[in-house]
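Peer 1: Marked as region 'Disordered' by Swiss-Prot: 1-22. Residues or ranges marked as compositional bias 'Basic and acidic residues' by Swiss-Prot: 1-10. Per Swiss-Prot, domain 'MTTase N-terminal' is recorded for 27-144. Residues or ranges marked as [4Fe-4S] cluster 1 binding site by Swiss-Prot on the basis of sequence analysis: Cys36, Cys73, Cys107. Per Swiss-Prot, the feature domain 'Radical SAM core' maps to 167-400; the stated evidence is sequence analysis. Taken from Swiss-Prot, the feature [4Fe-4S] cluster 2 binding site covers Cys181, Cys185, Cys188. Among the features that Swiss-Prot reports, domain 'TRAM' is placed at 403-466.
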Amino acid sequence: MQETTVKRDGASPSDAGTPATTAQGLGKLYIRTFGCQMNEYDSDKMADVLRADQGLELTDNPEDADVILFNTCSVREKAQEKVFSDLGRVQHLKKQNPNLVIGVGGCVASQEGEAIVKRAPYVDVVFGPQTLHRLPDLIKRRRAQGVSQVDISFPEIEKFDALPPPRVDGATAFVSIMEGCSKYCSFCVVPYTRGEEVSRPFDDVLLEVADLADQGVKEVTLLGQNVNAYRGAMGDSGEIADFAMLLEYVHEIPGIERIRYTTSHPKEMTQRMVDAYARLPKLVSFLHLPVQAGSDRVLAAMKRGYTALEFKSVVRRLRAARPSLTLSSDFIVGFPGETEEDFQKTMKLIEDVGFDTSFSFVYSRRPGTPAADLHDDTPQDVKLRRLQQLQALINQQAAAIAQGMIGTRQRVLVEGPSRRDPNELMGRTENNRIVNFPGVPRLIGHMVDVVVTHAHTNSLRGRVAGIERDTSGAE
């Protein structure tokens with residue numbers, strides 16, 4: 001489970017007249033984010049709505065905050081306990097400052113609801129992914145009534161209509177194009193915490209991307225739980241745009257140079273989607289396509305809706321359209337009833353397909369899902385051994401991809417200073433590899449050709465094309 005703390009620079013010129021505090025004394029906002037890129041996007045929107053309505057500025061120190069929010073993820077086991085552990089760490093701040101507002105959002109909030117307040121009565125607001133736009137009203141009602149507020153309803157796409165215009169500082173941005181999931185995989189809580197699939201109107205998505213491009217964004221990542229299941233209404237015509245059509249239109253927006261998307265589902269990888277990789281050069285040569293397992297028996301128990309052979313067929317068609325395409329994926333090891341033969345079929349699929357860096361986990365039982373009722377007799381040590389074997393194979397494949405990039409010329413979008421050396425720069429290749437290289441700050445936010453000189457475990461090192469060769473090998 002990924003974990004991030006939302007930070008943002010000071011107000012833009014357009015915010016110059018916004019007061020830093022309100023009549024209620026609000027001033028600073030701290031958000032801690034767990035989980036996927038959808039949650040990162042949602043956290044940005046929480047900050048946007050509270051800045052617009054109450055003038056809150058982000059801080060990376062919870063002790064300075066007037067509002068503390070936890071944006072939670074329920075994909076992994078013990079997610080709820082993690083939330084209560086984090087809440088316990090800020091409880092003393094509530095005692096020091098009774099006016100402090102503490103809120104819990106995201107999928108754990110959606111799943112647990114009022115149970116959070118019962119267990120942690122110092123929590124002021126609980127809200128779901130679909131009701132984050134109501135945060136200002138929830139906080140105001142909490143202050144006016146003195147009672148904790150809980151809103152975990154599913155008002156479909158209402159939140160997108162209520163959100164302020166996007167505001168970004170860099171060359172990359174996320175754009176949520178749909179919410180929820182209607183696949184109901186037997187192991188997954190997402191349909192229960194984020195609702196069923198609802199797509200944003202076609203024009204709304206294009207307007208947001210165009211707005212971001214006007215702010216200097218060059219790369220957009222289109223987000224959805226099953227992003228390629230997008231079916232957006234086109235104005236009042238009654239026509240529906242599929243994901244391939246949306247990609248075609250985003251591709252034509254001036255200023256946008258790269259398009260990414262996540263997360264996709266193999267069942268929704270239509271021929272029109274495959275053809276997009278042959279026709280749309282701005283669509284990057286990288287795809288995250290979760291397969292979960294390589295055994296048809298396990299895939300059926302997971303209710304994934306495809307076989308291993310059908311998954312391989314999708315991959316073959318994609319690579320025929322874009323030979324340079326690299327794939328990452330998700331794998332669950334130790335699903336209830338998984339035998340050694342089932343596991344070896346997953347290993348065979350990995351060998352046959354070839355994956356870049358991927359996400360793999362031992363199965364986590366999620367209460368309320370169909371898989372939670374399945375008999376699980378595989379010892380934990382066996383599951384851990386299988387996970388280690390699977391990760392070793394994927395790491396080997398990822399290392400081979402990285403080694404194969406040495407000496408190649410890569411188009412890199414420079415995102416900022418290197419995390420390892422602030423005097424150097426960091427950017428990403430099309431296939432989502434981080435590259436660190438010497439360069440001047442004026443390159444930040446621009447596309448640069450970089451020659452890869454060294455491959456490391458989690459990054460590459462290179463030099464700007466045309467600059468004398470870098471031989472340091474520093475990571």
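Cβ coordinates come from backbone N, Cα and C, glycine included.
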Peer 1: Which Cβ among the binding-site residues (Cys36, Cys107, Cys181, Cys188) has the fewest C-beta neighbours inside 10 Å?
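Peer 2: If we count Cβ atoms within 10 Å for the binding-site residues Cys36, Cys107, Cys181, Cys188, the smallest count is at Cys36.
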Peer 1: Centre the Cβ atoms of Cys181, Cys185, Cys188, go out 8 Å, and tell me which other residues of that chain have a Cβ in range of the [4Fe-4S] cluster 2 site.
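Peer 2: So the extra residues in range turn out to be Lys183, Tyr184, Phe187, Val189, Val190, Pro191, Gln225.
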Peer 1: Which state, by DSSP, holds Cys107 ([4Fe-4S] cluster 1 binding site): helix, strand or coil?
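Peer 2: Helix, per DSSP.
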Peer 1: Round to the nearest Å and give the CA-to-CA distance linking Cys73 ([4Fe-4S] cluster 1 binding site) with Cys188 ([4Fe-4S] cluster 2 binding site).
Peer 2: 12
Peer 1: What is the three-state DSSP composition of the domain 'MTTase N-terminal' (27-144), stated as helix, strand and coil residue counts?
Peer 2: 65 helix, 23 strand, 30 coil
Peer 1: When you measure from the Cβ of Cys185 ([4Fe-4S] cluster 2 binding site), how many other Cβ atoms are you left with inside 10 Å?
Peer 2: 21
Peer 1: If you draw a 10 Å sphere around the Cβ of Cys73 ([4Fe-4S] cluster 1 binding site), how many other Cβ atoms fall inside it, taking every protein chain shown into account?
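Peer 2: The answer is 22.
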Peer 1: For Cys188 ([4Fe-4S] cluster 2 binding site), what is the secondary structure by DSSP, using just helix, strand and coil?
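Peer 2: Assignment for Cys188 ([4Fe-4S] cluster 2 binding site) reads coil.
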